[in-house]
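Note sheet for the following structure.
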Amino acid sequence: MSNVADNSKSPEKPKHFIRQIVDKDLASGKHQTIATRFPPEPNGYLHVGHAKSICLNFGIAEEFKGQCNLRFDDTNPAKEEAAYATAIEEDVHWLGFEWNGNIRHASDYFDQLYGFAEELIEKGLAYVDELTPEKIREYRGTFEVPGKNSPHRDRPSSESLDLFRRMKAGEFSDGQMCLRAKIDMASPNINMRDPVIYRIKHQTHHRTGDKWCIYPMYDFTHCISDALEGITHSLCTLEFEDHRPLYDWVLDNISIDCHPQQIEFSRLNLEHTVTSKRKLNLLVTDKHVDGWDDPRMPTISGMRRRGFTAAAIRDMCERIGITKKVNTTEMGVLENSVREDLDKNAKRVMAVLDPVKVVITNYPEDKVEQLTAPNHPQKEEMGVRTLFMSKEVFIDRADFREEANKKYKRLVLGKEVRLRNSYVIQANDVIKDQQGNITEIHCSYDPDTLGKNPEGRKPKGVIHWVSATHSLSATVRLYDRLFNVPNPGAEENLPESLNPESLITLSNARIEMSVKDVEPETRFQFEREGYFCSDRYDCKDGELVFNRTVTLRDSWAKIENKL
RNA sequence: AGGGGUGUCGCCAAGCGGUAAGGCAACGGGUUUUGAUCCCGUCAUUCGUAGGUUCAAAUCCUGCCACCCCUGCCA
């Protein structure tokens, strides 16, 4: 659907602080052109929080006619897999962004990174430490207590160099030694207390295979990768604020002629969802959901399958803005963004989710009429579709009551209602089974009400329907929020706050014929119900499966609750 | 001997010394063959708080308070 950014008619975007910085850097001539990057670690699926970062990085590059790289931060072979990388690429593309040139990998720079490490050693700014991980932690000190120097801190750089080369050659085992930057064990910033920059890991890397058994740490890798790629603005989340001095220290102390500016912004938090990789993983592993792309998951692939459009996700990211404040966005913002997109772009169709049979007693037995209905009430250019009218139709159980107050505008015994895009009918009789469940409603119709109101009156309600004989059976999955609490991430026991009704599967739904050969991932508005999307995987071979993306706004529910 | 950040409406968020934008939500009303959409209207005398500077302060200064992040050979 609408996968292309529609920025054309948003006259002025809010100037958040990062745009202001970029503006200023361009105006002052600090940069002729800007370069950003989106640097995921290929160890999980992208989620809505990443979408914010993707939109920021790619968006700002696009806006200022710069470029944005896609770079996999693959420095920890123990956690990373090629399969994740493939999924990430697909998600970024689907969101509507194009990266600059080839995909980059931190692992592409392993040779250069190694060279810079040797340079630091030669300058006396890094040393090989043989303290155990436990000892390193102990020597690091605490927030209140300064750390103390490792006994190996002042060994000759020639010795460190030799040891570092032997580390690389595979002479030592994991954890036996590591390379540390020599900065300041007494720094109030713990990241500056001689951070480890290389560690030994006898582990096959998904791209470099067994070439390396030592791998650089994030703090050493990220800034150099940025510099090597000529990144001008390195945008990251708040928790890296304390790492910025280290980012700058590394670039200031190696022979490199580029020094990107790291700028931090706050992550996205969405009410009723979690975005921690660990928690998302738990949901999948413990089968609380049906995989990473379950439509209830806040992953990009999950939201896609649910029916959210890329444009809607981008729109939400624009609306929430960029600041350094800790924030929690209400679901309403995302929902508003999808509704706005889908209202404009989704074809309308009628589907009866919980069918009850209506027999139109005065309608000729074998007559089948073909009626024409617009695909969109406001957009004529979206064309029309054919509806089949017959003696027996289905309506939704919720649209009929034997008796009701005047607020209820649907079918009531003895009263009239409009069948949308068809005739006005009147309910005359109700047939029930032994348990008292309604099995049939007998109605009469007014043949002179097609496209016009009955003489002298106007039915107050309109309900949707499908022909009992000329309609299709469908499975409809009603999704709702995965968690009942606003901030599930803060919950001690995550599964306890799961919403038991996050998925309701209706297998007896009926839908109009026009949808017969629907392609997967087609979005519709089921009139009076909500926006639905044919399932990307399960809707095939004539089997119709739809996922509810979001309901329509429901002011009736509010009225009803007040009654 | 701690350090780094952040506080403007229920939720986001502009504002950058000249007298509180906007969006979402909410609440009224109108149009409507979707209780949808659309339209119209209401919604911060006050910016964490206490002082100070100034003709003028959300914006500058000082003190206090609250919240978030940091002690992986994770990113």
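Please read every residue number as a count from 1 along the shown chain.
Just so it is clear, glycine is given a Cβ too, placed from its N, Cα and C backbone atoms.
Here the domain 'Glutamyl/glutaminyl-tRNA synthetase class Ib catalytic' (A:34-343) returns a mean pLDDT of 98 for the predicted model. Under the heading domain 'Glutamyl/glutaminyl-tRNA synthetase class Ib catalytic', TrEMBL lists A:34-343.
A:Leu268 (ATP binding site) is surrounded by 24 other CB atoms, counting those within 10 A of its CB over all protein chains shown. Look at TrEMBL and you will find A:Glu41, A:Pro42, A:Asn43, A:Thr237, A:Arg267, A:Leu268 tagged as ATP binding site.
Long-range Cβ contacts of A:Asp73 (L-glutamine binding site) within its own chain (separation 6+, distance under 8 Å): A:Pro39, A:Pro40, A:Glu41, A:Ala106, A:Tyr218, A:Thr221, A:His222, A:Ser225. Residues annotated as L-glutamine binding site in TrEMBL: A:Asp73, A:Tyr218.
If you look up TrEMBL, you'll see A:274-278 marked as motif ''KMSKS' region'. Each residue of the motif ''KMSKS' region' (A:274-278) gets a DSSP state, and the totals for helix, strand and coil are 2 helix, 0 strand, 3 coil.
If you look up TrEMBL, you'll see A:346-446 marked as domain 'Glutamyl/glutaminyl-tRNA synthetase class Ib anti-codon binding'. Summarised by DSSP class, the composition of the domain 'Glutamyl/glutaminyl-tRNA synthetase class Ib anti-codon binding' (A:346-446) is 6 helix, 57 strand, 38 coil.
The domain 'tRNA synthetases class I (E and Q) anti-codon binding' annotation in TrEMBL covers A:462-535.
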> Non-local Cβ contacts of A:Asn43 (ATP binding site) (under 8 Å, 6 or more apart, same chain)?
Replying inline: A:Asn76, A:Lys79, A:Glu80, A:Glu81, A:Tyr84, A:Lys277
>> Among A:Glu41, A:Pro42, A:Thr237, A:Arg267, the binding-site residues in question, whose Cβ has the most other Cβ atoms within 10 Å in this structure?
In response: A:Pro42
> Using DSSP, how many residues in the domain 'tRNA synthetases class I (E and Q) anti-codon binding' (A:462-535) fall into helix, strand and coil?
Replying inline: 10 helix, 34 strand, 30 coil
> What count of other C-beta atoms do you get within 10 angstroms of the C-beta of A:Tyr218 (L-glutamine binding site), across all chains shown?
Replying inline: 18
